Amino acid sequence: MRIGLYPGTFDPLTLGHLDIIQRAMALVDRLVIGVAINRDKGPLFSLEERVRMVESECRAIAANGGEIVVHPFENLLIDCARDVGASVILRGLRAVADFEYEFQMVGMNRALDAGIETVFLMADARRQAIASKLVKEIARLGGDVSSFVTPDVGAALMAKYR
């Protein structure tokens, strides 16, 4: 069984994330979505809220075949990959700036475990501008986030900023 790990903070989960998840499902038998506990980022949503958000929004994708498991983690990404039995880490790229950061991460991860590959999926052109940080800013200022997140995620965002 080919297991892939798609890690992220998912604060909030965006349509860009969902696009990568859907496309990643075609590459692996089981996709583990690693919801990172990143205290440096100071997430808007709690870990529990983010896990529920990912589980809820991925039900329809999983119903089309394949297995999705949501797994919170706080350790090194490469250790998380080992813990869940992943042979590949899947990452989405929106722009050159993403690549520069990810390139460094691949080098470090490869030094820690050369047996785990990293595969990059380019963001769909319609989703390249979507960034969780910007979506939160739009929501905070009362803007319409419906082009960037699902209705349920949008409602959760608006509730946070009321």
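In case you wondered, yes, glycine gets a Cβ from its N, Cα and C as well.
Using a 10 Å radius centred on the Cβ of Thr9 (substrate binding site) and all shown protein chains, the other Cβ atoms total 20. The substrate binding site feature in Swiss-Prot is assigned to Thr9, Lys41, Leu77, Arg91.
The Cβ of Glu102 (ATP binding site) has 17 other Cβ atoms within 10 Å, all protein chains considered. Positions annotated as ATP binding site by Swiss-Prot: Thr9, Phe10, His17, Gly92, Leu93, Arg94, Glu102, Arg127, Gln128, Ala129, Ile130, Ala131, Ser132, Lys133.
Contacts of His17 (ATP binding site) defined by a Cβ separation under 8 A and a same-chain sequence distance of 6+ are given as Gly8, Phe10, Gly92, in order along the sequence. Swiss-Prot lists His17 with the feature site 'Transition state stabilizer', giving sequence analysis as the kind of evidence.
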Query - Listed in sequence order, residues with CB under 8 A of Ile130 (ATP binding site) and six or more positions away - result: Thr14, Leu15, Gly16, Arg94, Ala123, Phe148
Report task. Calculate the distance in Å between the alpha carbons (Cα) of Thr9 (substrate binding site) and Ser132 (ATP binding site), and round it to a whole number. Result -> 9
Report task. Around the Cβ of Leu93 (ATP binding site), how many other Cβ atoms lie within 10 Å? Please give the count over every shown protein chain. Result -> 16
Query - binding-site residues clustered about Glu102 (ATP binding site) [Cα within 10 Å; pool: Lys41, Leu77, Arg91] - result: Arg91
